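As written in TrEMBL, here are the features:
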BINDING   D46, D79, Y82, H248  Fe cation 1 binding site
BINDING   D79, N117, H211, H246  Fe cation 2 binding site
DOMAIN    40-249  domain 'Calcineurin-like phosphoesterase'
SIGNAL    1-24  signal peptide
Amino acid sequence: MAGFISSSLLWSTCFCVCFFSVLSLLERRDHPIKSDGSLSFVVIGDWGRKGEYNQSQVAAQMGEVAEKLDIDFVISTGDNFYDDGLTGIDDPAFELSFSKIYTASSLQKPWFNVLGNHDYRGDVLAQLNPILNKIDQRWICHRSFIINTDIAEFFFVDTTPFVDKYFFKPKDHKYDWRGVLPRKKYLSNLLKDLEKALKLSTAKWKIVVGHHTIRSVGHHGDTEELVKQLLPILEANNVDLYINGHDHCLEHISSTTSKMQFLTSGGGSKSWKGDFDLDREGVKFYYDGQGFMSVELQESDARIIYYDIFGQVLHSVSLSKGLYYS
């Protein structure tokens, strides 16, 4: 454990320094894979409720699966702290919803986090502050960034600023748009950086991670702004997986126009919306409840598994490069 902590601190500190030393909205960092050439990780989203709404139960099962797979890292698809993000770097919710919940030794790996719409309702700069990494060395959170491995590249995208209603119909909510305004310029630069990075990528697997859905039959449905602005870039650059949260469920939808698979892992805590429509082409799996997802990658194959709060396998997907799901 001591070895991991020291190396993790060095790695994440380097990441923070390098990330903020450039103007690009997408900075790249390398991450090692296993000696056998494989990579494994778990994905959780919409979780930060101080252990309530079965968050602790999901965390426990995630720890067991992570141990079996000997995961390399964890991906969080956003909405890390409910209901309104963090109030600052000293907000006790950071420890009560994160450090003291995900305590399994198998989860003491880097956590790559994106921001969700609930995170933007709080102090966004607090979640992005490197000080949180000193409090818990697993925590790595930026708006948008790239993790490069020998077999896959992961493109983390800040999706909340794309959504019109947060700007024009915020209801009683206040959003922290520091670092985003002027919005049009921010989104234009982000899309240009992402498109360039995807075009230059020679990775065997191209995986994009964001908070909001692109395709979903759950409560929120498709995010139209992403369908119009982000999806064409992903399809044109042969992205394999789009991984998201936002809808508090687990789902798998296969694209009808490309090889892309849309994977939702937003069941980290409060769930069971009871609001979904399965009458749609491409829907392979939907679970209106809590749980998480695991991914095992090899150079030419991928295995994706969804689990409930009891660790039961709900759905599995096998992918091969050049082929659609099976």
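Backbone N, Cα and C define each Cβ position, glycine as well.
On a predicted model such as this, the values are computed, not experimentally measured, just so you know.
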Ask   = Over all shown protein chains, what is the count of other CB atoms within 10 A of the CB belonging to H248 (Fe cation 1 binding site)?
value = 25
Key: Across the domain 'Calcineurin-like phosphoesterase' (40-249), average pLDDT on the 0 to 100 scale   = 98
Key: Neighbouring C-beta atoms (10 Å sphere around the C-beta of D46 (Fe cation 1 binding site))   = 30
Query = Cα distance, D46 (Fe cation 1 binding site) to H246 (Fe cation 2 binding site), nearest Å?
reply = 7
Remark   = Cβ-Cβ distance under 8 Å, sequence separation of 6 or more, same chain as Y82 (Fe cation 1 binding site); the residues meeting this, in order, are G48, R49, S97, H118, S269, K270
Remark   = Residues lining the Fe cation 1 site besides D46, D79, Y82, H248 (CB within 8 A of their CB center) are G45, W47, G48, R49, G116, H118, G245, H246, G266, G268, S269, K270
Request  = Could you check which of these binding-site residues, D46, D79, H248, sit within 10 Å of H211 (Fe cation 2 binding site), going Cα to Cα?
outcome  = D46, D79
Query = Reported as an integer number of Å, what is the Cα distance between H248 (Fe cation 1 binding site) and N117 (Fe cation 2 binding site)?
reply = 13
Ask   = What is the number of other Cβ atoms found within 10 Å of the Cβ of D79 (Fe cation 1 binding site)?
value = 30
